[in-house]
């Protein structure tokens, strides 16, 4: 695989090129006419002959650069959001806690698969089917609720899905038969899965691109407690409803705490509070699916879904594989064996988020220096190299994931030779840690890149990502147990390693052509909007 680097190539996108000098002359920062250029009609232009002769003299690049540098930076530009850094982090912790319900409800189930099958008197394959149902609903639900979130607001959608989730949890505590378990697991998935896409939408609403990596990488519950905290403290953040937070909120969009102490910025706002809900249609639910047809998005979705599917297959088969290699493990010890996977996910989220922010700021600083800009926005600067800011770490995490997958299966096969050698168990669980760490890193890079590509529809874009990952993951979970039964553990995971290696060129394709495809898509969207 060719090495990847964040260093830009001049032949790919010459950032120092100034394609249109007249654009620079027309910016509001250049209030003083540049010597040798045509004066605007609003100024005293002198006689027509002098004006006509001066119009043929274009300023040089050096003149333009010195003129830009001599102008003071704008200070009246409104902030991306009125929330302070501390307020943003508080809301990130809150929505991330809500977003943790989906993986928590999914993963907490795996250590108990054997116990549940004995309690209900059904086979492990039927219990594994409940995992498949959970993941299918987990993939579909965010597409529905994500569209509702982008249209009617985050607060209302949070309240709906957490109410569904709480009701499903209460009903599951009284489950007495398999059909009831199957139905309630689907209902539980419907309530929990959408919290991730809504949480991502909240982060995109209030976080600038430079902050987004660490915010999305943070993921941290009791459902009823989180629901109450959201209703009390979380204001509506959907930018079409709340803007940058300075627009007064009304009705359900307004958190309970704001009835006691509204933000001081509201007193300066000239826009009245609007409590009306925008209309919702079925077409808006299907809008996120149009992202799938875009080449750069399709490549991102495909690679992320493949990695997620293999990670799900590793996690869902852990109990069965451990009991085959270490039949003396009890229920408590089986639960402890899932800790390396969990630690890998947590550390992968935290570390990758900070690395993403660092990479973005480096590319942003270079871009501003090359273009003589004070600030950069992804939406306002379409030629900003997002791919170079977000993707330089993707190949390293992907290669590490493939290597860990290749070693994982044989680590259990060696256990068959010496079952009482504890080091074998450490090796297998250590590889689970690296698989979870690298897989989570890929997920975070994919999610952040998708939000950057579609900043106005973050909830829908994340829901589409979730749809791809969960449907492919559900297919993988349904296949892994029969595959292990047929070819044993070592060969099963070597086959999966071969599959992921076969599709690994997707990483290189995204790096090589992603920017070109994104710019083509944005130009097409701009021309159709005119």
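Glycine residues also receive a Cβ, built from the backbone N, Cα and C atoms like all the rest.
TrEMBL annotations:
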REGION    1-79  region 'Disordered'
COMPBIAS  18-58  compositional bias 'Polar residues'
TRANSMEM  91-113  transmembrane segment
DOMAIN    91-515  domain 'Major facilitator superfamily (MFS) profile'
TRANSMEM  125-144  transmembrane segment
TRANSMEM  156-176  transmembrane segment
TRANSMEM  215-234  transmembrane segment
TRANSMEM  292-311  transmembrane segment
TRANSMEM  331-351  transmembrane segment
TRANSMEM  391-409  transmembrane segment
TRANSMEM  421-445  transmembrane segment
TRANSMEM  466-484  transmembrane segment
TRANSMEM  490-511  transmembrane segment
Here the stretch out of 125-144, 156-176, 331-351, 391-409, 466-484 with the most C-beta pairs under 8 Å to the transmembrane segment (292-311) is 466-484
In this predicted model, the domain 'Major facilitator superfamily (MFS) profile' (91-515) has a mean pLDDT of 78
Could you check whether the transmembrane segment (156-176) and the transmembrane segment (490-511) come into contact, where contact means at least 3 Cβ pairs under 8 Å with the two residues of each pair 6 or more apart in sequence? no
Maximum Cβ pairs under 8 Å to the transmembrane segment (421-445) among 331-351, 391-409, 466-484, 490-511 is reached by 331-351
